[in-house]
Amino acid sequence: MLLLKQISPPFHLHQLRRRISTIISAGFTLNLPKLEPSSDAELISQMLITNHNPFHFMESSLQLNGISLTPNLIHQTLLRLRHNSKIALSFFQYLRSLPSPSTTPTSFNLIIDILGRVRQFDVVRQLIVEMDQTSPETFLILVKRLIAAGLTRQAVRAFDDAPCFLENRRFRLVEFGFLLDTLCKYGYTKMAVGVFNERKEEFGSDEKVYTILIAGWCKLRRIDMAEKFLVEMIESGIEPNVVTYNVLLNGICRTASLHPEERFERNVRNAEKVFDEMRQRGIEPDVTSFSIVLHMYSRAHKAELTLDKMKLMKAKGISPTIETYTSVVKCLCSCGRLEEAEELLETMVESGISPSSATYNCFFKEYKGRKDANGAMNLYRKMKNGLCKPSTQTYNVLLGTFINLGKMETVKEIWDDLKASETGPDLDSYTSLVHGLCSKEKWKEACGYFVEMIERGFLPQKLTFETLYKGLIQSNKMRTWRRLKKKLDEESITFGSEFQRYPFEPYKR
């Protein structure tokens, strides 16, 4: 097995669709801050969560710790409080009450987004009224959250009312495209089409808007309507581009029935028709076009078709990307053709493209299916010694492999490596480990990792609660369960109302 000579960013096949979604964006994106490492923000957020009292202000807590609140620190703190909306709002109102308020338009937008996620729209509207300076972004955040909550009519009304708060600055085509794009992404394509038909005279239209609507119909698996809008687009004098055709192609391939064989072949013919139409209009398929079709072949385990398509791609002078190679490697591994997959891995590196952890995960999943502990460990040790380090998903696959094989010492080794890695364990990691320990009746260890999971801020799945609960009772470990339940009650404030979604049904042995 060839070692990596260069670091590649992790890639997952679902990112292909996400990338297409990004490409067809109408041009307006919400520029909200992203979560960044910040020890001060961690300290403040944990202090507010632990010591929050709805009947007392939080000024003393912050002043006693001598904390100076900069705009960036406020943003990072609010991001860490996004799952505790009441505390986030109290913190924000405290900032506004200061003699020199340290709130900014960005912090207003953040709290509006946080409150919108939990449908506190009355509070959001009041905050917008109280804002000194609103921006188009403020209203588009509100529009997005209303649509996400299923309040589509209110979202359109908020879009229409925005100019009253923006000194009569009317929205343009780019913001109109954002409205349509958001409606389509949340599955309200029919309403998006209605809004488009009503207002296209006012806002106009372009290839991006039509591409958004075509993508919306594809999301609903209505390829017939997507093709109809493509025809309407051309008849309106707007030329489709390669992105438009890739969206349609992705819709056809994503909804493709892989079985029986007749249906799969029909979908292949439909995809080839899109390629033919592209060429007739003078548009050459690009690497994304080929990658979409390759991914469909890979899902159907059609190794020969996948390899032939890659050869055709190279013959046309199109260099495969890491996404393309990963699709082919996945197909070869799932078909049991590991030697060919390894040869392709060498070809990747020779072409200057280093496999990512996702590429290696294809091998690990095949080893898991084969119950090949030696093959998995050999590859894992090569990755550890190379430049491409295992991702959290890699560790999760390995944990599942060795838990199933009952090799708990190896599980411990992998878990220690995961905790020492840059990413660390996630919810899936803890879930796999706790369930695996329960299956081996290692109750003490299972309880320990269960508590650790909660302390790290991961809300366990209901099934995990029930598995541990029933297992402890069946094993006459009621005292252990009571101690564990007490710990859970102490930690429940971390999750707020979410914690209440996991009630325990009385269980009898």
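In case you wondered, yes, glycine gets a Cβ from its N, Cα and C as well.
Some features that Swiss-Prot has for this protein:
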- 172-202: repeat 'PPR 1' (REPEAT)
- 206-240: repeat 'PPR 2' (REPEAT)
- 241-285: repeat 'PPR 3' (REPEAT)
- 286-320: repeat 'PPR 4' (REPEAT)
- 321-355: repeat 'PPR 5' (REPEAT)
- 356-390: repeat 'PPR 6' (REPEAT)
- 391-425: repeat 'PPR 7' (REPEAT)
- 426-460: repeat 'PPR 8' (REPEAT)
- 1-19: transit peptide (TRANSIT)
What DSSP reports for the repeat 'PPR 4' (286-320) is 26 helix, 0 strand, 9 coil
Against which stretches of its own chain does the repeat 'PPR 3' (241-285) lie, if we need a Cβ under 8 Å and a gap of at least six residues from its ends? 16-17, 20, 23-24, 207, 210-211, 214-215, 217-219, 221, 223, 226-227, 230, 233, 292-293, 295-296, 299-300, 305, 316, 318
On average, what pLDDT score does this prediction assign to the repeat 'PPR 6' (356-390)? 89
According to DSSP, how is the repeat 'PPR 8' (426-460) divided among helix, strand and coil residues? 26 helix, 0 strand, 9 coil
